[in-house]
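The next block holds one structure in the form of structure tokens; read it before the comments.
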């Protein structure tokens, strides 16, 4: 297991990586479903908090594997088996998402997370043995991850419920610091085009969840003829918003962000907000359906905000990563103002229609500046 060439031509996502993504998106889908149920019942704050906690576990395990794979993927039998073990951990985590988010019982989430992370430890140990030039870095990763898993188990077993959120934030902070510490002297090689492709593909899968939500709106419209107009409006605006998110995400190349150590970490970490927002967006569409079929105990503005706020955060995240350095000043201001306007459109009438119009306007801004940026 030696380091891969970061300049390897025509490198693309492997079938194993695609399989890995499909397994992980099951965890995301289940988390989004539970967020939808909590939001529809009026538990906005108590729903979003646990969702972000569970999503962190999914995202962080996915991200660590993605960056390890771009550096050391051997695609031999041992690498494949270890990766499949990580997939098993993701499924255990998915099975525990509901009890974690609804009841605060994190047993299966912690168990699944520890399985995924310990599998990652074995990958790093193997890299450390096989790649002398990156041995110190690999051993830092292995030691840091292994030690932290003991703290996660202690958090689960010993921390009182009232202190669990604070304990979680502390341990999550340590998790994101480990790569900075491990790579401070010798960085592992990464293939910019390969990494951005992996992130792009995962984004597509997440947006697919929102397409399913739009399809559910059409299905509900068929069975609730008295609510057919509002439900079809949700379906159409949901599709426009999802298509706009896709358009914004892929509006400009992102691989240039990965040419520096700092840029790579910013790219990876900001995607937590982007991915979590995409998952919450699909939940928001489902909440809108519940509201219009009188199945949600929510004010209209709050119900709309479960859709518009995640979309706005998604746009702002991509703007920060890939757009702000490639747009003229007026376009930067326009995108930010429009994104904020999209979020607060929940406060007015026909909120999803207004949000869809704003999204179309953002796409137009990006398209008319495409020639200017040379993208």
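One is the number of the first residue shown, and numbering goes on along the chain from there.
Cβ atoms here come from the backbone N, Cα and C positions, even for glycine.
Keep in mind the model is a prediction, meaning the values are calculated, not measured.
According to TrEMBL, the transmembrane segment annotation covers 12-31 (among others). Sequence-distant contacts of the transmembrane segment (12-31), counting only residues of its own chain at least 6 positions beyond either end whose CB sits under 8 Å from a CB of the stretch, comprise 51, 54-55, 58, 61-62, 65-66, 69, 73, 75, 80, 83, 86-87, 90-91, 93-94, 97-98, 101, 194, 197-198, 201-202, 205-206, 209, 275, 279.
Per TrEMBL, the feature transmembrane segment maps to 51-70 (among others).
Feature annotation from TrEMBL assigns transmembrane segment to 138-157 (among others).
Long-range contacts of the transmembrane segment (163-181) within its own chain (CB-CB distance under 8 A, at least 6 residues past either end) are made by residues 49, 53, 56, 60, 64, 67, 104, 106, 140-141, 144-145, 148, 151-152, 155, 265, 269. The transmembrane segment annotation in TrEMBL covers 163-181 (among others).
Residues annotated as transmembrane segment in TrEMBL: 201-222 (among others).
Sequence-distant neighbours of the transmembrane segment (228-249) (same chain, 6+ residues past either end, Cβ-Cβ under 8 Å): 200, 203-204, 207, 210-211, 213-215, 217-218, 220-221, 274, 278, 281, 285, 288-289, 292-293, 307, 311, 314-315, 318-319, 323, 352-353, 355-356, 359-360, 362-363, 366. Per TrEMBL, transmembrane segment is recorded for 228-249 (among others).
Marked as transmembrane segment by TrEMBL: 269-289 (among others).
Listed by sequence, the residues of this chain that lie at least six past the ends of the transmembrane segment (301-322) yet keep a Cβ under 8 A from its Cβ atoms are 39, 44, 238, 241, 244-245, 248-249, 251-254, 257, 266-267, 270-271, 273-274, 277-278, 280-281, 283-285, 287-288, 290-291, 332, 335-336, 339-340, 342-347, 351-352, 355, 359, 362. Residues annotated as transmembrane segment in TrEMBL: 301-322 (among others).
For 352-369 (among others), the entry in TrEMBL reads transmembrane segment.
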Given the transmembrane segment (269-289), its same-chain partners at Cβ distance under 8 Å and 6+ residues beyond its ends are 28, 31-33, 35-36, 39-40, 48, 51-52, 55-56, 59, 63, 176, 199, 202-203, 206-207, 209-210, 212-214, 216-217, 220, 231, 234, 238, 241-242, 245, 249, 295-296, 298, 303-311, 313-314, 317-318, 320-321, 352
Please report, as numbers and ranges, the same-chain residues at least 6 past the borders of the transmembrane segment (51-70) whose CB is under 8 Å from any CB of it.
4, 14, 17, 20-21, 24, 27-28, 31-32, 34-35, 38, 83, 86, 89-90, 93, 97, 100-101, 109, 112-113, 116-117, 120, 123-124, 127, 165, 168, 172, 175-176, 179, 188-191, 194-195, 198-199, 202, 268, 271-272, 275-276, 279-280
Are there residues at least 6 beyond the ends of the transmembrane segment (201-222) whose Cβ is under 8 Å from a Cβ of it, and what are they?
13, 18, 21-22, 24-25, 28-29, 32, 62, 228, 231-232, 234-236, 238-239, 241-242, 245-246, 249, 274-275, 278-279, 281-283, 285-286, 288-289, 293
